[in-house]
Amino acid sequence: MSSQDVRGIVVGSRNAAVGFPAAIRILRAGGSAVDAAIAAVKAVEDDVRDQGVGTGGIPNLLGEVELDASIMDGRTLAAGAVGAVKHYPHPIEIARRVMECTPHVLLVGDGAELFARTHGFEPANLLTPEAEAVWQAVIHGERAPEQNVYEDRYQLYMSVVRRWTELLHRELFGTTNVIVRDLDGNIACAVSTSGWGFKWPGRLGDSPIIGAGNYADNRYGAAACTGRGEMAIRCATAHSVVMYLRFGLPLEDALRQAMLDLRHLEDPYAEAETVMNIVAMDRNGNVAAASTSPHATYIVQTLDMETYEERPRLYVPLRE
């Protein structure tokens, strides 16, 4: 692994590609890692084709889109996050405001929405016809929606709760994450998601949990996760990568060790094919990524590149 000092670099999940141009423009203009990371993620939140992030995300059990996001500044270790936000299309912007304008790190649900409204964020409908169609097809099965008449959301919930764990096995989840190192050598990490499709209302995954799905520290590096968030929460996976870097492990070895930690989970949902992905950057701007899927990739772009480059992730299966 190269130990060169790389400044002006963006790395992320493949679905972050739509946001890379915005991040690169900011870096070329001398902007900060925080600004670039948020701009990249915000572009993904606006991409209605992505059903795992922002507007158009697959809804929860009750057909409501709930969004989570976090941002961490590796220079100051400041962080902000929001969870279970239902009516605001850019949770990453709200997370930044939490980081910059409050003594808190994480706001959720009604409190997060009150905060967003107080700070002038505009509400919007997050449920697209395409995402609603996916939800309708799963919830109602082969029966047409008009054949199922429910008096309220609670009655609807009761009609499917017995099938809830079955729905979760569909593993309809997605997240976007971006790590940036700017020209001053500062690192920032941003993550955003609509979470696990058909999740229990109010469920939070790893994306808004600092240390689980997002961690950045200029002294050592940064990491961010996508996939089964509960796994990353229980193993503090993003922080683990950075911790292993602190202990002196090379970047790919730090990733491998954090992935191997997941094998100790006792979890009926943690099956051999369960997806966990990590992207990471060391303190010098070198990047790598890992996955439990054998053919997974990630993307990276530096300021001297015309466009992003897609690279294979280190394959670390969940089970031996």
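Using N, Cα and C of the backbone, Cβ positions are placed for all residues, glycine too.
Unlike curated entries, TrEMBL annotations are predicted automatically.
Sequence annotations record features per position, and here TrEMBL assigns active site, nucleophile to THR175. All protein chains shown were included, and the count of other CB atoms within 10 Å of the CB of THR175 (active site, nucleophile) stands at 29.
Look at TrEMBL and you will find ARG203, LEU204, GLY205, ASP206, THR226, GLY227, ARG228, GLY229 tagged as substrate binding site. Every protein chain shown contributes to the tally, and the Cβ of GLY227 (substrate binding site) ends up with 26 other Cβ atoms within 10 Å.
Cα separation, THR175 (active site, nucleophile) to ARG228 (substrate binding site), rounded: 10 Å. Secondary structure at GLY229 (substrate binding site), taken from DSSP and collapsed to helix, strand or coil, is helix.
The substrate-binding residues named in the record, ARG203, LEU204, GLY205, ASP206, THR226, GLY227, ARG228, GLY229, extend over a maximum Cα to Cα distance of 16 Å.
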